[in-house]
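**Q** Features from Swiss-Prot:
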- Ser2: N-acetylserine (MOD_RES)
- Ser2: phosphoserine (MOD_RES)
- Ser13: phosphoserine (MOD_RES)
- 26-33, 58-60, 97-100: ATP binding site (BINDING)
- Glu98: active site, proton acceptor (ACT_SITE)
- Phe128, Val172, Glu173, Val174, Ile175, Gly176, Tyr181: substrate binding site (BINDING)
- Cys153, Cys156, Cys185, Cys188: Zn(2+) binding site (BINDING)
- Ser235: phosphoserine (MOD_RES)
Amino acid sequence: MSCINLPNVLPGSPSKTRGQIQVILGPMFSGKSTELMRRVRRFQVAQYKCLVIKYAKDTRYSSLFSTHDRNTMEALPACLLRDVIQDAQRVAVIGIDEGQFFPDIVEFCENMANSGKTVIVAALDGTFQRKAFGTILNLVPLAESVVKLTAVCMECFREAAYTKRLGVEKEVEVIGGADKYHSVCRLCYFKKASGQPAVLDSEENKENCPMTLGKPAEAPGVRKLFATHQIWQCSQAN
């Protein structure tokens, strides 16, 4: 039997890996950071060199990369991704948490993927006003994998796709947890704190409010396939 000599391929070898971008989107409390951590640890088990980058201004859970339930991982804090490009070039897998806060996220991820890195980004897709958060959505057409997670609505316990701000701040970047934000469903997004629907013609809500917030209109009457008298006539005939 003849033997075939296979080349020695080491995990993380720049000449053997194929770059890609994976994007994890969703509202707050949907498990984005948890999923990012799971994927990075999966590569670590396979002996890949990994680097996690976190937003430097988010100091809620010390300098570590942390999920809301306090699972932590070593991370490199940064405000601009170009400031850590040398560290990123020394690894095979790059995880980026709170990707929506980095203004150079698209350029960085594309360059790293083109150089053979696997880049995994966890980010909010929308602001508290349900508008695109920074340039993060520009990653979608560049990514090999995109997933949007949902949370549990913190007001009615249904599926939640949006982030609702509890305070009155108007600026987009306000870092906080459950003290400042709720994950909410479509209906609860448009409710005021009192539980009443938002006013349709208010300047703050008119752009995002649906056309109707009351009870959905009843569907027109459906014609029955077999009326009662039709069934009775058939019985008499038999």
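Including glycine, each Cβ sits where the backbone N, Cα and C put it.
Worth saying up front: this structure is predicted, and the values here are computed from it rather than measured.
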**Q** Taking the center of the Cβ atoms of Cys153, Cys156, Cys185, Cys188 at the recorded Zn(2+) site, which other residues in this chain have a Cβ no more than 8 Å from that point?
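**A** Neighbours within 8 Å of the Cβ centroid, excluding Cys153, Cys156, Cys185, Cys188: Met154, Glu155, Phe157, Arg158, Ala160, Val184, Arg186, Leu187, Tyr189.
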**Q** Would you mind checking how many other C-beta atoms are within 10 angstroms of the C-beta on Tyr181 (substrate binding site)?
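**A** Excluding its own Cβ, the number within 10 Å is 21.
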**Q** Go through Asp58, Glu98, Glu173, our binding-site residues, and report the one whose Cβ sees the most other Cβ atoms within 10 Å.
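**A** By the 10 Å Cβ neighbour count, Glu98 comes out on top.
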**Q** Express the distance between the Cα positions of Phe128 (substrate binding site) and Cys188 (Zn(2+) binding site) as a whole number of Å.
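**A** Just about 13 Å between their Cα atoms.
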**Q** Have a look around Met28 (ATP binding site) and count the other CB atoms within 10 A of its CB, chains all included.
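**A** The answer is 23 other Cβ atoms.
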**Q** Count the Cβ atoms, other than its own, that fall within 10 Å of the Cβ of Cys153 (Zn(2+) binding site), considering every protein chain shown.
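**A** If we count other Cβ atoms within 10 Å of Cys153 (Zn(2+) binding site), we arrive at 23.
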**Q** Can you give me the Cα-Cα distance between Val174 (substrate binding site) and Ser30 (ATP binding site) in Å, rounded to a whole number?
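**A** Here the two Cα atoms are 18 Å apart.
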**Q** Compute the C-alpha separation of Tyr181 (substrate binding site) from Asp58 (ATP binding site), stating it in Å without decimals.
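**A** Cα-Cα distance, Tyr181 (substrate binding site) to Asp58 (ATP binding site): 15 Å.
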**Q** Compared by Cα position, which of the binding-site residues Cys156, Ile175, Cys188 is the closest one to Asp58 (ATP binding site)?
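**A** Going through Cys156, Ile175, Cys188 one by one, the closest to Asp58 (ATP binding site) is Ile175.
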**Q** Could you check which of the binding-site residues (Gly26, Glu98, Glu173) sits closest to Cys185 (Zn(2+) binding site), going Cα to Cα?
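**A** Checking each of Gly26, Glu98, Glu173 against Cys185 (Zn(2+) binding site), the shortest Cα distance is to Gly26.
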**Q** Quick check on the binding-site residues Val172, Val174, Ile175, Cys185, Cys188: which one has the highest count of other Cβ atoms within 10 Å of its Cβ?
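**A** Per the Cβ count within 10 Å, the most buried is Cys185.
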